[in-house]
Amino acid sequence: MKLAVYGKGGIGKSTTSCNISVALAKRGKKVLQIGCDPKHDSTFTLTGFLIPTIIDTLQEKDYHYEDVWPEDVIYKGFGGVDCVEAGGPPAGAGCGGYVVGETVKLLKELNAFDEYDVILFDVLGDVVCGGFAAPLNYADYCMIVTDNGFDALFAANRIAASVREKARTHPLRLAGLIGNRTSKRDLIDKYIDSVPMPVLEILPLIEDIRVSRVKGKTMFEMAESDPSLEPVCNYYLNIADQILAGPEGVVPEDAQDRELFALLSDFYLNPTQPKTEEEELDLMMV
């Protein structure tokens, strides 16, 4: 099974991806997480350090693929999760999406794709150009990380459009949204009323999750010394269980940009006032 995780930049995709990878490993699956971001920090919370990237390794080998071995590019992370970072060109030069394609090419030549039960692509921000949309060519499911805000849902809608486009030629489905760092879901619900898609989980704003990123640890690793964090791990286990159950998923019908802008803007400009106690009693008496 191959998964691709997308979402607005800074929404918490990498932290979410690492914890989902460990949750899948906890369920007995052999997991490979591939970071598809030039920052090459996707797997930091799994390994505790910035691992060498595939592009760096290829440069050292003068792009002789036959000289690269799995141990040159695959590093072991917490919970037995294997980790790869695609890396990217120098800032302001080259195409990061091209590097993602080269990463997939190398891993295929190493037969790495056949070694794992689950491969999870953690993909750069909300960029859905051809290169960074490449993981969708291989994925069975896409998951979109969002929050209860305008910008993240706008980005989610653009990603949904990419899923729909790729699904024309690939057996790809959108597994659903993952709400992150939000205790509310009213704007998410307004969006999925217009663009029907599942919501896999809603994670509230939890300071320990933010701290885990700085520490270079997953919530599962932190919970080993602090059992009070186990309920937080359950959020990720719930997502893993849904994915392993093989959800039907959807081919989303994204909203047009102007239509979505109006829909989400209306939420802020014309908020629905909660009914007063007296109004609720009147309704009950009718």
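Any Cβ shown, glycine's included, is placed from N, Cα and C.
Between the candidates Lys29, Lys30, Lys39, Lys61, Swiss-Prot assigns the ATP site shared with Gly10, Ile11, Gly12, Lys13, Ser14, Thr15, Asn180, Arg181 to Lys39. Over all protein chains present, the Cβ of Gly10 (ATP binding site) has 10 other Cβ atoms lying within 10 Å. DSSP classifies Arg181 (ATP binding site) as coil under the three-state reduction.
The Cβ of Gly12 (ATP binding site) lies under 8 Å from the Cβ of Val145, Asn180, Arg181, Ile209, each on the same chain and at least six residues away in sequence.
Its Cβ placed at the centre, Lys39 (ATP binding site) has 15 other Cβ atoms within 10 Å.
Here the Cβ of Arg181 (ATP binding site) has 21 other Cβ atoms within 10 Å, regardless of which shown protein chain they belong to.
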